[in-house]
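Below you'll find the structure, written out as structure tokens, and then a few comments.
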Amino acid sequence: MSARSKAPASARNGLTIAVFAAVVLSMPFWLPLIGGYEALATKIVIWAIFAVGFDILLGFTGYLSFGHAAFFGTSAYTTGLMLKHVSADVLPAMGASILVTVFLAFLLGVITLRRAGIYFAILTLAFAQMFHVAALSIFQGWTGGDNGLTMSTRPELLGIPMTGLNVFYFAAAIAIVGFYIALRIRNSPFGLMLRSIKSNAMRLEYTGVYVRAYKQIGFMISAVYAGVAGSLMVIYEPYVATKFLHWSTSGEIVIMSVIGGVGTLIGPMLGATFMLYFQNVVQAFIGEQWKLVLGIIFMLVVIFMPGGFMEGLRRLRGAVTPGGASGAGADSTASARQPAE
Amino acid sequence: MSLLEVKDVNKSFGGLAALSNINLSVDEGTVHAIIGPNGAGKSTLLNVMIGLIEADSGTVEFDGRSLSNVSPHDIIQRGIARVFQTPQIFPELSLRENVAIAGLARRDGKFKMNALQSPRRTAEVYDAAEDLLEDMGLKDLVHEEAQHLSRGDKRRLELAICLAAEPRLLLLDEPTAGMSRHDTNQTIDLLKKLAERGTTKVVIEHDMHVVFSLAERISVLAQGQIIADGAPDEVRGDPKVEEAYLGGAHL
């Protein structure tokens, strides 16, 4: 029974990855057609990596972190310092950044995952802000304080200069692999455990599962995505801004996730694309009031489409194909079936 | 042979003695019912057994090993499962996923880093989950989200989750609470069928119809103390029990 129902699921994943890769890799060609530019494509891909990783924590496990800037920013500084002082090659810089992120995520996870809900959000926010303050004060000598960390050398990958489209394809390849890994996680026993933490952590514990361990590892995986994104950000633009550690960076990834559709993996990436496109392209047409318009769009989505853009797409598909397009495998947050009493 | 030993357990909440000097022995392969009026301490006792509440003094031993200072998931991994008074299920997940979680906990232990494991490697667990759901009469609903089930079906699902873990001891806290007579009888049949598997069961129950249909041994709890303990026929005739439990009415 399940052997039969599983085969189409993996085939669907293969198709999803193929379409995703095609859309991402062709972005430098189609984005300029709608007013974007090459460098924006790179930025979108980097934030998409951040968003997919964030969804593993928020979407699967149900933990809202307001402190992912700590991972994004610390990793960015590590990459910057490595590129500046050790080697202009990006591989040792990224390797070191990932190690630092894993270590940091382990520590923060042990401390913050003791609490859930709003307390977890506040704890993560507080820790991330501590990092921001530390970067501006005691570590000012390393981080450059308010001025940020500037580099004179251009990063390279095994002798290839990391400029323009090279950075884009490097980041795009990582994004495709990252999305593939996230899909594998979703379909794995591990992913099922994360989703059941969100659903009923108490039942899970009383089913013989070490909930803390799964939360901790899920948190760390999510942090590594943020760290990789932070590192790529510095490779893309050899400069580290203090904003990378600021709470507004944490807030931005939350808004991207919510507006795109929490728990769908693709949704948060759509959200990231929309936000960056809006901030960089649409903004020019609207003028000074663009933030107000963005706020209104966010409100409308949250009120009328709580499932984000992905819910909108599902509704659209349901309206186009008569009888609805509800597959058994689809996340059915949108379908409001009547409980059978 | 005794599978579960409760020895001299005391527990009080802010001066109120919920359990005083409880001694209880559950024999392997039996159905042991714990009955008593509201507030007698039945649920507290069950919670102590499973580590949800820590006793002030006394010990609980399962299969000869103490359960004190053992975390809940480790207690479960030793072979105990618990059905709660309000069904505890995973509302947003499908029925087959609900049951597969327990199957995976059984297969992989309390933690396993299998984040990239292919769905093919878990097909067996899902197949077993569907078979179990079929036994429970939930075959047609395996792909439904658990939150859409009726209350009776939710209980049945929770029972399936517990059974997928293949426990040696199953603790049931009022498995028929809030059920219609029809659903109650169905649950009794189900539990009787399970008796054939040889799983030891501890049942807390209000409904005397259920108790006397199932139990091989009954312990009567009143005001935190065990006032009677024995075979159903012995307990039924005990005047002390009638006094405490029903204020003198006949059981």
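Cβ coordinates come from backbone N, Cα and C, glycine included.
Feature list (source: TrEMBL):
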type     : residues  : note
TRANSMEM : A:15-37   : transmembrane segment
TRANSMEM : A:44-71   : transmembrane segment
TRANSMEM : A:91-111  : transmembrane segment
TRANSMEM : A:118-139 : transmembrane segment
TRANSMEM : A:159-183 : transmembrane segment
TRANSMEM : A:217-241 : transmembrane segment
TRANSMEM : A:253-278 : transmembrane segment
TRANSMEM : A:290-309 : transmembrane segment
Query raised in the report: Of the listed stretches (A:44-71, A:118-139, A:290-309), which one yields the highest count of Cβ-Cβ distances below 8 Å with the transmembrane segment (A:253-278)?
Result: A:44-71
Report summary line: Given the transmembrane segment (A:15-37), its same-chain partners at Cβ distance under 8 Å and 6+ residues beyond its ends are 44-45, 48, 165, 168-169, 172, 175-176, 179-180, 183, 266, 277, 280-281
Query raised in the report: Which stretch from A:118-139, A:159-183, A:217-241 shares the most C-beta pairs under 8 Å with the transmembrane segment (A:44-71)?
Result: A:217-241
Report summary line: Among A:91-111, A:118-139, A:217-241, the most Cβ pairs under 8 Å with the transmembrane segment (A:159-183) come from A:217-241
Report summary line: Beyond a gap of at least 6 residues from its ends, the CB atoms lying under 8 Å from the transmembrane segment (A:290-309) belong to 255, 257-262, 264, 267, 270-271, 274-275, 278-279, 282-283, 315, 333-334
